[in-house]
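I'd like to ask some things about the structure below.
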Amino acid sequence: MMSLNVTDSAIHLFTGGFAVKSGFNGEKMTSSPQKPRNRVDFSGIRGSGDAIRSLRELAAMSPEPSIRVYNNLLSDIAKKELYSVAFHVFDEMRQLGIETDWYTMNIVINCCCLLKRVDVGFSVLGVFIKNGYVPNGTTFNTLLKGLFLAGEIGEAELLFKKILSFKLCEINDVMILTVVNGLSKAGKPLTARDLLLALDEAGYEPNVRAYNTVIDGLSKRGMVDDSLLLLSHMVEKGVSPSVVTCNALIDGYCTRGEMARAIELFDTMAKTGIKHDIFTYSSLIKGYCKKGSLDEAWRFFDEIPRVGLKHSTVSYSTMMQGLIREGRFADGWKLYKDMEAQKLHPNLHTYNILLDGLCRSNQFDEALEFLRVVEEEKGANPNVVTYGVLINGLCKCGRLDEARRLFDRLPSKGLSPNTAIYNMMLDSLYQQRRRGEARRLMEEMERSGCRPDGVTYNIVVWNLMKRNEVQEAIPFLEEMYRRGFEAHPANMSVLLHELRGEEVKDENLQEIIKKVCAIIDK
């Protein structure tokens with residue numbers, strides 16, 4: 001977690017103190033902001049060497065270019081996502097005595113934040129403040145985004161409260177959206193809602209985008225009733241709902257399987273003049289597919305072109321997944337071919353759905369060939385989900401050696417197996433009585449930093465119990481409870497059966513058995 005010392009110091013400087021200590025010097029800083037206008041071609045920059053060479057060429061010019069040109073250089077480097085290079089150039093600018101302005105400051109702070117080095121961003125801010133700069137809303141908004149990006153949610157909340165308390169800058173719609181979006185995506189939509197209501201009460205009047213963001217965050221976590229209350233408040237405040245608002249609610253209903261309420265809102269949209277879009281239809285298709293109501297899903301899928309909308313990769317992929325999960329792989333594959341004929345580009349999620357379908361229909365050779373096509377002909381980069389689908393399918397049908405070969409390919413693809421993939425492999429190894437390999441794999445799992453979960457331990461315990469190897473299972477049970485996981489009741493029943501009538505002297509084991517009995521009694 002980032003220390004708040006740097007944050008507090010920068011804020012303290014701005015409000016009258018001088019608490020920041022930094023290695024930066026503030027020489028040659030101008031208080032006149034110079035936005036980049038004069039363009040010099042920096043398109044050839046590919047790395048640090050090119051960037052520093054361009055900088056020194058500019059510095060050697062006579063007359064020396066204005067700060068606008070230097071800002072252009074930094075901006076172009078940042079647009080190429082060479083954030084550390086941009087910071088290096090900024091450092092070189094200071095060493096060469098080149099003046100900087102607040103536009104420079106915002107570019108550099110943004111690069112620090114995108115590198116997830118918000119602490120350095122605050123240090124840069126502190127130096128600029130010491131030299132007379134007044135950070136604006138853009139500066140603070142950039143820092144807020146950086147904190148959310150780095151997962152420093154509490155620090156982002158605290159900074160925003162300081163901005164409000166000390167009136168450090170104008171609170172505009174962009175900043176409000178940044179904060180509520182960051183909180184919602186961090187799994188704190190209720191906090192985002194409370195903040196939105198507090199801002200509204202304080203007279204800041206959040207706009208429809210801010211409300212939509214929070215309503216979407218609540219709905220995605222199944223809190224549709226809370227979303228409706230916020231919608232009611234929003235309307236009372238004179239903010240009209242948009243198609244995005246309605247889509248968020250419909251998607252929330254569909255996720256919860258409440259299709260009647262989703263359709264009621266769908267019909268209300270038409271009556272109130274809010275036009276449905278492709279996202280509205282995709283949500284309904286997803287909802288009906290999830291319930292297994294493929295006829296209803298097809299009805300909305302077919303309706304899309306009839307109401308003047310164009311299908312998307314999402315609408316096709318959603319319908320495809322619904323068909324495949326209901327065992328209709330041939331229909332799903334046909335839809336994929338139709339999608340290509342419509343000049344829609346499948347994405348990796350689409351390919352993963354098809355690979356899953358091939359595995360579900362026991363077409364493993366075809367699945368492996370399709371993986372090759374996806375990589376070599378379609379130009380897609382399979383991810384850990386892609387490989388997980390295939391490894392799971394191969395493990396389930398007993399083709400463990402092929403699954404292991406795919407598993408071993410992951411590092412060469414720049415991928416790391418996740419806990420779910422390790423669990424698939426472990427279960428198959430135990431099922432095929434390859435216990436030594438399973439133990440080595442579990443050791444490898446720990447070494448790689450992928451921690452076993454409750455499923456991992458239950459797999460090991462269950463497979464040992466099945467072979468009456470109770471004593472071998474007990475250390476795993478002890479470790480399992482030590483890490484806060486619970487054993488599956490089926491495992492516990494076997495354990496109690498095996499230990500019945502035996503005198504159990506081990507105190508740790510006695511404690512485990514008490515917990516086991518409590519679980520089974522439930």
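Cβ atoms here come from the backbone N, Cα and C positions, even for glycine.
Okay, these came from TrEMBL:
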REPEAT    66-100  repeat 'PPR'
REPEAT    101-135  repeat 'PPR'
REPEAT    207-241  repeat 'PPR'
REPEAT    242-276  repeat 'PPR'
REPEAT    277-311  repeat 'PPR'
REPEAT    312-346  repeat 'PPR'
REPEAT    347-382  repeat 'PPR'
REPEAT    383-417  repeat 'PPR'
REPEAT    418-452  repeat 'PPR'
REPEAT    453-487  repeat 'PPR'
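Neighbours and distances for these, please.
Residue counts for the repeat 'PPR' (66-100) by DSSP state, with H, G and I taken as helix and E and B as strand, are 26 helix, 1 strand, 8 coil.
Across the repeat 'PPR' (101-135), DSSP classifies residues as 26 helix, 0 strand, 9 coil.
Summarising model confidence by region, the repeat 'PPR' (207-241) averages a pLDDT of 97.
For the repeat 'PPR' (242-276), same-chain residues at least 6 beyond its ends with a Cβ under 8 Å from one of its own Cβ atoms are 208, 211-212, 215-216, 218-220, 222-224, 227-228, 231, 234, 283-284, 286-288, 290-291, 293, 296, 307, 309.
Note: the repeat 'PPR' (277-311) comprises 26 helix, 0 strand, 9 coil (DSSP; helix = H, G, I, strand = E, B).
Secondary structure of the repeat 'PPR' (383-417) per DSSP, as helix, strand and coil residue counts: 26 helix, 0 strand, 9 coil.
Beyond the repeat 'PPR' (418-452), the same-chain residues lying 6 or more positions past its ends with a Cβ under 8 Å from any Cβ of the stretch are 384, 387-388, 391-392, 395, 398, 400, 403-404, 407, 459-460, 463-464, 483.
Helix, strand and coil counts under DSSP for the repeat 'PPR' (453-487) come to 26 helix, 0 strand, 9 coil.
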Please report, as numbers and ranges, the same-chain residues at least 6 past the borders of the repeat 'PPR' (347-382) whose CB is under 8 Å from any CB of it.
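Beyond its ends, the repeat 'PPR' (347-382) has Cβ neighbours at 313, 316-317, 320-321, 324-325, 327, 329, 332-333, 336, 339, 389-390, 392-394, 397, 399, 402, 413.
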For a three-state summary based on DSSP, what are the helix, strand and coil counts in the repeat 'PPR' (347-382)?
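Per DSSP, the residues of the repeat 'PPR' (347-382) fall into 26 helix, 0 strand, 10 coil.
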Residues of the same chain, at least six outside the repeat 'PPR' (383-417), with any C-beta under 8 angstroms of its C-beta?
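Distal contacts: 348, 351-352, 355-356, 358-360, 362, 364, 367-368, 371, 374, 424-425, 427-429, 432, 434, 448, 450.
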